[in-house]
């Protein structure tokens, strides 16, 4: 909760009390957790998409792979995305709100007020990349069926990554993740407010406007940044072997897709649809909680 207004920051304990609102962290975590619960039911679909991203296969072939592996391994790798999604919302929304208030209070800020949410989102996205790249790395290793034999458990994956150089282990593909997260967060926080106002003008309820705003914003972001997610998945799925740079991996990926945008976006329809629904729910719940606490 905000401890005071800018006019009372000295008597309430300093500058940080004016820019840190614990409610934003709590609301972000709650909304993300509630929107992440359906992950338990759609995880097999997500895993199918991951196999398409890695092996450039059809849906039928990816489903066949999972069927052969059996039901025991179907939910291998589900824990990291559930944990990451909840923690991600807590950090992303809370930190963006903190940075936004800090930027708004700065007397030396020459940036347009309309651009501040996007700028704060950029900063939050960078911290998000630093914190959650290891989660994504572990998740992608676990979901790659080719690792099942020599990395059969979560513990074995963690121990293997621990002995790797940081850039090859837990922080493999950090640069494309940082680019994706900072751009995605900037677009989300920069667009969701204006889009919500525009949609509300059409007569929708506040919660309905927030849902549509989150959905449309997520669609634009997912369509734009999906190729980066494919690149990250391919860079992180393997452990060991020859370590290649980002551009080398991108050229190899583009070549493996026969220089086709359609093949690069294989599996993207379901990812984008899931992202739209998830972020629509998250945005609606978060905005609702913020309104009730204001």
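Keep in mind that glycine also has a Cβ here, set from the backbone N, Cα and C atoms.
TrEMBL: automatically predicted annotations, no manual curation.
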The annotated transmembrane segment range in TrEMBL, which must be one of 211-233, 234-256, 257-279: 211-233
146-168, 169-191 - the one TrEMBL records as transmembrane segment: 169-191
Contacting positions for the transmembrane segment (211-233) when only residues 6+ beyond its ends and CB under 8 Å are counted: 50, 53-54, 136, 140, 173, 176-177, 179-180, 183-184, 187-188, 191-193, 195-196, 199, 204, 246, 249-250, 253, 264-265, 268, 271-272, 275-284
